[in-house]
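Below is one structure, written out as structure tokens; the observations come after it.
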Amino acid sequence: MPRPTPQSTVRVVTLRIDDRDLSAREDETLIEVCREHQIPIPSLCQLDGLSVWGGCRLCMVEIAGQGRLVAACSTRVAEGMVVQTDTERLRHYRRTIVELLFAERNHVCAVCVSNGHCELQTLAQRCGVDHVRLPYRQVPYPVDSSHEMFRLDHNRCILCTRCVRVCDEIEGAHTWDIMGRGSDCRVITDLARPWGESDTCTRCGKCVQVCPTGALVKQGTSAGEMVKDQHFLPILARRRQAR
Amino acid sequence: MSTPAPKLTVATAWLDGCSGCHMSFLDLDERLMTLVEQVEIVYSPLVDAKTLPAQVDVGILEGSISSEDDLEKARLFRERCAVLISLGDCAVTGNVPAMRNHFKLSEVLDRAYRENVTLQPQIPTRAVPALLTPVKPVHGVVAVDVFIPGCPPSAETIWSILSDVIAGRVPDVSAVTRFGA
């Protein structure tokens, strides 16, 4: 089958990002153009394939002629746009945002099952966060281990809502949602019932795979959790003997 | 014959940590020989000296601030060391020792000294420093100049950053280590 030809109504615009002249389709966002041209922009809530959320504010960029910063994930390109993605001001804000995330909940990397596979941890390193200047809030959050296959640790959650979006938009189950405001804000399953009691969860695990941190993980991944089940052995052995 | 340049003096202390960062320091192995040509370790769990000299070039602290003794040592190091380094996640973030901040201190003590012992359950009070709440990273109580995250930071990381500090360069810490590394 021939590939569908791009719609001729979509125009191409030219713009300047970090002193590079680039062209893009007019329906693209700044972050998409940057990703295409290997211009690194940090982000935690944006994920290709999911709808735009614009919540983490890490992809903020400067646009010439505009006083306020804009999120690259939720800003469409425009003809003649002049964009800076890596200024001193942006680096300062990004570093502060990452530090705020670390100070808000309890991201103890050394004892996290996602240590070494965590986007927040990697981003902290990339943004030069070698310590957190703000005092840690030190407020404990609950852990929901009621699900047979997965676990939710609110201490590690940064509220990026990737789980909410993938469950709704890709799996079509809409098990996840958001409840509460400010520091009480948290992701919930069904109507804030334990995940293990959810009627809508299909156990597909997409939420676990898109979670950037150790907030959503597979059960049995932390130290000492591998439970051996050897019931099969005497049963099979007995049946073989009988034969 | 020219006299050799005076060696930099280095002091280290082990606050509330597991000593893993000092172990990682020892993992420098044969590079320790190169290091002692450039620096003199004047106070540390690794040497015999019992008192911190009045002036030290580089101070290195492992562990978080969890007790009155930790606080006193941190303040003394800050006062006497020209450059103060937080070594490892406990010093830099509070890390595992700070996880007790989610509980009442009395609950933590009961858990450790009453609930889990079978012989003479009692909470030690004599000859031990009083515990503080909350547990803080070192920079929560004194100013820190260089942060080396990692649990523990690898010998490579320590070598790279110490070499920079000795040479008077500003180390690019995030190029060599991260939280939890």
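Each residue, glycine too, has its Cβ placed from N, Cα and C.
Mean pLDDT of the predicted structure over the domain '2Fe-2S ferredoxin-type' (A:11-89): 96. The feature domain '2Fe-2S ferredoxin-type' is assigned by TrEMBL to A:11-89.
Taken from TrEMBL, the feature domain '4Fe-4S His(Cys)3-ligated-type' applies to A:89-128.
Sequence annotations record features per position, and here TrEMBL assigns domain '4Fe-4S ferredoxin-type' to A:148-179 (among others). Applying DSSP to the domain '4Fe-4S ferredoxin-type' (A:148-179) sorts its residues as follows: 13 helix, 8 strand, 11 coil.
Annotation source TrEMBL lists domain '4Fe-4S ferredoxin-type' at A:192-221 (among others). Among residues of the same chain six or more beyond the domain '4Fe-4S ferredoxin-type' (A:192-221), those with a C-beta under 8 A of the stretch's C-beta atoms are 44, 47, 50, 107, 112-115, 118-121, 144-158, 160, 162-163, 166-167, 170-171, 173-176, 179, 227.
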